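Here is the structure we will look at.
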Amino acid sequence: RGATGALLLLAVLMPAGAASAAALPVVINTWAFRTAAETAWRVLESGGSELDAVERGCGQCEIDQCDGSVGYGGSPDESGETTLDAMIMDGNTMEVGAVADLRHVKNAIGVARKVIEYTKHTLLVGESASLFAVRMGFPYEDLTTQKSLSLYSEWLNQNCQPNYWKNVVPDSSKSCGPYKRREEVTYKEEQTNSQRSLHNHDTIGMVVIGVSGTVASGTSTNGAIHKLPGRVGDSPIAGAGSYADSTAGGAAATGDGDIMMRFLPSYQAVEYMRMGIDPTIACQKVISRIQKYAPKFFGAIICANKTGSYGAACNKIPGFTQFHFMVSSPSLSQPTEQVVDCI
């Protein structure tokens, strides 16, 4: 109680604008996913571990179908199926559990946690990941809903626009295919911002830092809408979707995974923080690095160091000029939505 009292006193004394001043524990998650933040915070308050908080917090978004971009019934792929990607990372042991292209199982981050607990592996994919989930006691069920079916049929009616094909015949910007590869491959700058908008968030990413400085992180998503079946984005990839290291801090990314995963942004942000760089600056440096190669990419990242300082950054494109994220800490009376201007 004494420690908490001291932290609360610290909170009272904090000057305005020092919102990211250190106070532990801290829970930070992408987007204004409030119930996820509240759930994770409750887990910590009731004595649960940092990993429990990440699993339950991200799992809450899977249940709530946050923005249609996490959990079942959203982002149908080219064949109309919803598949899930998730990961969870323990910053003390550096163990990671992840699943990708998970089918017929709703609680993707729960299955990812079981990969850590019951296997010596890191990443399981596809139907085999689903079989593993069933052996672990998860129900095998349909992830399709009326909503995902209607998204799929609307897309078919619009000649399958937008989609992720290039260098194919017939022209993928006008037709549903079936496609064959063009002999002549053309290289042109990728148009990455046309298919995303503020209402197409695509991941919950969460970082939890406990009172003792233990860091855990995780992500859950149903991926890019209308993706090619089998596509895996950044979310379940350690160092891309999220990264946790109790000696430095944690980070989680959201946005266009096909671009962002090439830069391991979460790993890079944690390494910047290890060097003593402020979390906000660490996040900004990661975004600027990607901007050099993909100036129009849609993306954001949250960062928190082991003392509880946190920050976020995003890439400014038309329709996306600010990034909203949630923070819970002893210095805030409740989980609080925060906003950062994109760079």
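From the backbone N, Cα and C atoms, a Cβ is placed for every residue, glycine too.
A TrEMBL annotation is a machine prediction, not a hand-curated record.
Keep in mind that what you see is a predicted model, and the values were worked out from it rather than measured.
Feature list (source: TrEMBL):
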{"type": "SIGNAL", "residues": "1-21", "note": "signal peptide"}
{"type": "ACT_SITE", "residues": "T203", "note": "active site, nucleophile"}
{"type": "BINDING", "residues": "R231, V232, G233, D234, T254, G255, D256, G257", "note": "substrate binding site"}
Neighbour count (Cβ, 10 Å) for T203 (active site, nucleophile): 32
Rounded Cα-Cα span from the residue listed as 'active site, nucleophile' to R231 (substrate binding site), Å: 15
Cα distance (Å, whole number) from the residue listed as 'active site, nucleophile' to D234 (substrate binding site): 10
Maximum Cα-Cα separation (Å), residues R231, V232, G233, D234, T254, G255, D256, G257 listed as binding substrate: 16
Listed binding-site residues among V232, T254, G255 whose Cα sits within 10 Å of T203 (active site, nucleophile): T254, G255
